[in-house]
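A.B. asks: Can you keep this structure in mind? I'll have questions shortly.
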Amino acid sequence: MKTSLFKSLYFQVLTAIAIGILLGHFYPEIGEQMKPLGDGFVKLIKMIIAPVIFCTVVTGIAGMESMKAVGRTGAVALLYFEIVSTIALIIGLIIVNVVQPGAGMNVDPATLDAKAVAVYADQAKDQGIVAFIMDVIPASVIGAFASGNILQVLLFAVLFGFALHRLGSKGQLIFNVIESFSQVIFGIINMIMRLAPIGALGAMAFTIGKYGVGTLVQLGQLIICFYITCILFVVLVLGSIAKATGFSIFKFIRYIREELLIVLGTSSSESALPRMLDKMEKLGCRKSVVGLVIPTGYSFNLDGTSIYLTMAAVFIAQATNSQMDIVHQITLLIVLLLSSKGAAGVTGSGFIVLAATLSAVGHLPVAGLALILGIDRFMSEARALTNLVGNGVATIVVAKWVKELDHKKLDDVLNNRAPDGKTHELSS
């Protein structure tokens with residue numbers, strides 16, 4: 001039993017996170033030097049994200065009997081994303097207005113260090129809707145894979161899958177090659193995942209070592225408010241959606257616990273993307289649905305990021321005594337409905353979108369970003385965890401709506417009743 005526990009990726013990552021926190025707190029200089037360990041692990045994951053998405057989407061689409069099903073899946077997914085993301089934005093807006101974590105700070109925007117957030121403000125200038133849409137189209141196929149742009153790879157994979165499907169029996173050889181290549185890629189993922197504890201230790205030690213626990217205390221009310229909001233969203237909103245779909249949100253969270261710990265350690269939901277593709281398929285969702293919903297959700301269904309954006313924007317307004325009446329808040333909501341779709345599931349992207357939103361709204365000081373710059377890294381964990389759970393739930397819901405969900409398999413796996421007597425997980 002003890003040997004099995006020590007070999008568990010769940011236990012190893014949890015232990016690594018605890019060691020990272022202690023190391024960063026008591027030896028901050030050493031903690032800061034651990035950053036390459038976390039960065040290196042995330043880079044290894046990013047290295048195989050593009051081929052994983054390509055293989056999953058191509059084999060999923062090419063293996064379908066009807067192409068109409070693909071279009072229906074995409075339409076249902078986008079509708080679900082828009083509804084749930086809007087709910088997340090509204091919940092964040094309501095709670096930050098009720099709690100008012102920034103009230104009474106009376107910060108003068110002129111005294112804030114605008115240079116500290118200049119890099120985010122500059123990047124935010126390129127976050128327009130037209131620029132976002134054009135960025136989905138790659139300049140070249142090789143460029144899409146080289147940059148690791150999820151939506152660009154997804155677009156090419158969908159087109160490739162359609163074309164391969166039209167070839168019929170002539171394309172069987174190509175289909176078999178891609179399917180075999182997919183198995184090799186997932187073998188690489190299993191090898192990389194053995195390094196997850198090292199990556200989590202390095203990332204957590206760096207975060208605590210660089211920013212310190214004192215930063216948490218200074219703006220603790222906003223952090224606590226945000227974490228509680230994310231928990232309520234997962235339990236109440238996603239929990240209700242899960243119950244209506246026929247499964248327990250708590251059993252689902254238990255099923256993806258290792259992925260959640262990896263995300264907790266790296267602060268990026270992208271680090272768990274390859275494993276989520278595999279685990280959602282093993283949960284009973286058809287490969288074509290998983291291949292479309294999960295990658296697309298990383299830009300269009302970021303529930304945690306949506307909550308963060310409304311809360312952070314209103315917090316800055318409260319702290320700087322900027323006017324934020326109902327008209328301004330509705331304007332903010334409309335802007336965020338568009339700008340939040342440009343936030344990829346990587347560390348720091350939410351901060352860039354927030355800068356773009358403040359610029360678009362106009363009357364909120366962009367320099368106010370300096371107020372939350374130090375604690376943004378601590379809130380990124382809750383964002384990433386909520387995003388991951390949200391995309392997992394979305395996949396099951398969409399699969400059910402388009403009748404591509406194996407309900408018995410879903411129930412068996414979540415209740416540890418797999419036919420082979422094992423839980424459906426990647427090896428650790």
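Using N, Cα and C of the backbone, Cβ positions are placed for all residues, glycine too.
As annotated in Swiss-Prot:
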- 8-28: transmembrane segment (TRANSMEM)
- 44-64: transmembrane segment (TRANSMEM)
- 76-96: transmembrane segment (TRANSMEM)
- 142-162: transmembrane segment (TRANSMEM)
- 184-206: transmembrane segment (TRANSMEM)
- 222-242: transmembrane segment (TRANSMEM)
- 326-346: transmembrane segment (TRANSMEM)
- 352-372: transmembrane segment (TRANSMEM)
A.B. asks: In terms of Cβ proximity under 8 Å, which residues at least six beyond the ends of the transmembrane segment (184-206) contact it?
C.D. replies: 9, 12-13, 15-17, 19-21, 23-24, 30-32, 34-42, 44-45, 48, 51-52, 55, 261-262, 264-267, 271, 274-275, 278, 426-428
A.B. asks: Below 8 angstroms Cβ to Cβ, which residues of this chain, lying six or more residues outside the transmembrane segment (8-28), approach it?
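C.D. replies: Long-range Cβ neighbours of the transmembrane segment (8-28): 34, 193, 196-198, 200-210, 212-213, 257-258, 261-262, 264-265, 428.
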A.B. asks: Below 8 Å between Cβ atoms, which of the listed ranges 44-64, 76-96, 142-162, 352-372 makes the most pairs with the transmembrane segment (222-242)?
C.D. replies: 76-96
A.B. asks: Apart from its near flanks, which chain residues at least 6 from the ends of the transmembrane segment (76-96) lie with a Cβ under 8 angstroms of it?
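C.D. replies: Same-chain contacts beyond the ends: 225, 229, 232-233, 237, 241, 292-293, 296-297, 300-304, 306-311, 314-315, 318, 329, 332-333, 336-337, 340, 390, 394, 397-398, 401-402.
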